[in-house]
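> Take this structure first; my questions come after.
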């Protein structure tokens, strides 16, 4: 592994970080419910909202700084602060949730990882490498929730938190001792006095610039509209399965495993085939189509088998973001990869703030509340189900509507031939020196929406 920077290094960093968080899936809901027994959905949305907003504000700065000072130091910084709350889960839940909110400032590991991958891959292999990193994220969550649930049931939550802490420390040591720098010395300035302009670090300035390039604008709007419901779904879906559809803990762990395994297949084997056969843009459209179908099915589904079936469709929709990031990397100069990935991570960070809050609020409007940690029985459950006999999951239908809009917007994204790519590069990246965090779109997301309460919502 040591020596030259490889995609393998990026894959290991992502795997360990999310494996540690995945272990906490079951204990997280317990702690969340014990700490905030009333309006758990809303508080969950608020915590993620603060985290997402901070991620949005910091992503462009971290991306731009990594273009100047290299990726390794920022990988270390983001992984350390993202994992810092883990040991506090057993020590002080209040501090744990407070630190989770604040850790949003550094919850942009994915933007740095995708810039790292872009540094060391040729353009033609980049989409496959992005798919591999996204698939690794899925793989880390295939087994870890089930392992965490088993350890928690057998030995208690404290052991789970200890194991997660050890894995997080191992990840930090791996970056410190083994991961090499991916950005060549000649492409970065060693002087720590190199000025990063306010314009580069200001996420809102970046958003304003997005409008100057039509292609970039269309891609960013697509990312926003499709990721908003995905972020909301992450925050509440497993809680919804247990509360309304009455899944057991074992069934939820199995559901995560099934969707994870199918996502890995989709993002590794299927993605590369689709990119070759139908091209980047059509792959994005196909992924959005699957997402639309999946959300509509979640919205109307009231039986467990419907959720399992919709889960297979959810795995297919996971090809969207690696495809989007490949589409955008054609537009980006080599030394702009960090800033660009940071921009999209920022947009997704904004969705991580708005999505959960929005879903929590819609559930609140429809009187879906976390009454008990066990599947709700008898009167309470039938009351909840009666109210929603026509539409069991209103937020999911809202999400399907925004994905439909994303599909319409994505349809107008122009196909990128080499000439278009050069024009795009020239238009989009015109700020002096190390430039804007302008366009784009990487799967940054899987992380910004790191399993903070995401998968924990189980």
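Cβ atoms are placed via backbone N, Cα and C, with glycine included.
Note that TrEMBL annotation is computational and uncurated.
Features from TrEMBL:
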{"type": "DOMAIN", "residues": "6-418", "note": "domain 'Major facilitator superfamily (MFS) profile'"}
{"type": "TRANSMEM", "residues": "7-29", "note": "transmembrane segment"}
{"type": "TRANSMEM", "residues": "41-62", "note": "transmembrane segment"}
{"type": "TRANSMEM", "residues": "74-91", "note": "transmembrane segment"}
{"type": "TRANSMEM", "residues": "97-117", "note": "transmembrane segment"}
{"type": "TRANSMEM", "residues": "129-153", "note": "transmembrane segment"}
{"type": "TRANSMEM", "residues": "159-179", "note": "transmembrane segment"}
{"type": "TRANSMEM", "residues": "216-240", "note": "transmembrane segment"}
{"type": "TRANSMEM", "residues": "252-271", "note": "transmembrane segment"}
{"type": "TRANSMEM", "residues": "283-300", "note": "transmembrane segment"}
{"type": "TRANSMEM", "residues": "306-328", "note": "transmembrane segment"}
{"type": "TRANSMEM", "residues": "349-368", "note": "transmembrane segment"}
{"type": "TRANSMEM", "residues": "395-413", "note": "transmembrane segment"}
{"type": "REGION", "residues": "435-458", "note": "region 'Disordered'"}
> Would you confirm whether the transmembrane segment (7-29) and the transmembrane segment (74-91) meet the contact rule of 3 or more C-beta pairs below 8 angstroms, pairs 6 or more apart in sequence?
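Output yes: the transmembrane segment (7-29) sits against the transmembrane segment (74-91).
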> Between the transmembrane segment (97-117) and the transmembrane segment (41-62), are there three or more C-beta pairs closer than 8 Å, counting only pairs 6 or more apart along the chain?
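Since 3 or more Cβ pairs under 8 Å link them, the transmembrane segment (97-117) and the transmembrane segment (41-62) do come into contact.
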> Taking contact to mean 3 or more CB pairs closer than 8 A (sequence separation of 6 or more), are the transmembrane segment (216-240) and the transmembrane segment (349-368) in contact?
yes
> Quickly jot the same-chain residues contacting the transmembrane segment (159-179) by Cβ under 8 Å, restricted to those at least six beyond its ends, or write none.
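Contacts of the transmembrane segment (159-179) (Cβ under 8 Å, skipping residues fewer than 6 from its ends): 1-2, 5, 9, 12-13, 16-17, 19-21, 23-24, 26-27, 72, 75-76, 79-80, 83, 86-87, 89-90, 148, 151-152.
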> How does the model score the domain 'Major facilitator superfamily (MFS) profile' (6-418) in terms of mean pLDDT?
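Here the mean pLDDT over the domain 'Major facilitator superfamily (MFS) profile' (6-418) amounts to 79.
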> Given pairs 6 or more apart, does the transmembrane segment (283-300) have at least three Cβ pairs under 8 Å with the transmembrane segment (395-413)?
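Yes; at least 3 Cβ pairs under 8 Å.
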> Any chance you could find the range in 41-62, 252-271, 349-368 with the most Cβ pairs under 8 Å to the transmembrane segment (129-153)?
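Against the transmembrane segment (129-153), the leading stretch is 252-271.
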> Can you work out whether the transmembrane segment (349-368) touches the transmembrane segment (252-271), with the criterion being 3+ CB pairs under 8 Å where the paired residues are 6 or more apart along the chain?
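Answer no: the transmembrane segment (349-368) and the transmembrane segment (252-271) share fewer than 3 Cβ pairs below 8 Å.
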